[in-house]
Amino acid sequence: MSNRPELLAPPEIFYDDSEARKYTSSSRIIDIQARLSERALELLALSVDGIPRLLLDIGCGSGLSGETLTENGHQWIGLDVSQSMLNIALEREVEGDLLLGDMGQDGFFVPLWPYGWDKGLALRPGIIDGAISISAVQWLCNADKSSHEPRLRLKAFFGSLYRCLARGARAVFQVYPENIAQRELILRSAMHAGFAGGVVIDYPHSTKSRKEYLVLTCGAPSISTAVPRGKGEDGESCSEDEISEENQTVCISDRNRPKKKQKTTRKGKGRDWIFKKKEQLRRKGNTVPPDTRYTGRKRKARF
């Protein structure tokens with residue numbers, strides 16, 4: 001059986017009272033969460049001016065990652081779908097404010113604090129200075145109910161997040177994509193929502209230590225939205241060449257859409273085939289219409 005929790009049950013069911021307490025009391029989990037949260041905070045690249053920032057912790061669970069934000073002097077709001085996890089966070093008296101709901105659904109979070117709200121994240125537009133998420137966003141790629149469509153849930157999530165972030169703010173998500181297609185689905189959804197950025201991979205050549213972070217900036221691509229470098233085996237930054245050897249989809253720092261695949265006719269013949277046949281007819285002396293940019297295009301039904 002797979003050991004990926006998102007493949008076993010929906011988060012609100014998997015993290016029941018028993019599993020939530022076991023998760024929070026594990027010293028190994030606590031250490032991993034602290035290190036991942038520190039790295040996510042580092043990738044946020046917040047200004048070092050001593051001013052506390054208001055950050056969003058998506059999939060905050062029992063508040064382990066939020067404690068790292070508190071230790072670094074920031075205020076934070078935690079969002080999670082598991083009532084059991086949030087109950088433990090309240091028992092632990094975490095410093096952050098807590099919201100309950102499904103991050104993949106519009107109008108999903110129940111606000112527990114008086115800052116106002118937007119349609120999706122129950123937060124006032126432009127109020128958040130940065131967002132982090134540890135091992136949560138990949139849950140949106142699973143259809144736990146018949147009404148769940150991963151593409152639409154990701155669209156709702158990133159659209160709502162984009163609205164509540166201040167322009168120029170960053171969001172850093174540590175993720176465990178199941179495969180390349182899942183990583184590309186998440187990244188493509190973020191780009192369509194208006195984010196710029198890409199994927200940072202720490203220790204790309206290590207099976208055990210490899211970690212992926214989706215680093216996004218709210219706003220159009222610019223010099224400030226360049227994707228940071230991942231860490232290598234020695235803890236130093238990897239070069240882009242070293243990372244690209246592992247995976248060529250790592251650095252995507254703009255919102256350029258990939259070119260659409262060549263459309264074909266009903267018989268499976270593309271434009272190249274049409275140009276070839278027209279050239280053959282010309283060599284035979286037949287009268288052939290000139291080639292234009294409209295050659296081989298399918299006419300619309302209303303034409």
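A Cβ is built for glycine as well, from the same backbone N, Cα and C atoms used for every other residue.
As the structure is a computational prediction, the values presented were derived from the model and not from experiment.
Per TrEMBL, the features are:
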{"type": "DOMAIN", "residues": "56-93", "note": "domain 'Methyltransferase'"}
{"type": "DOMAIN", "residues": "216-301", "note": "domain '18S rRNA (guanine(1575)-N(7))-methyltransferase Bud23 C-terminal'"}
{"type": "REGION", "residues": "249-303", "note": "region 'Disordered'"}
{"type": "COMPBIAS", "residues": "257-269", "note": "compositional bias 'Basic residues'"}
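When averaged over the domain 'Methyltransferase' (56-93), pLDDT in the model lands at 92. Secondary structure of the domain 'Methyltransferase' (56-93) per DSSP (helix as H, G, I; strand as E, B; remaining residues coil): 17 helix, 9 strand, 12 coil.
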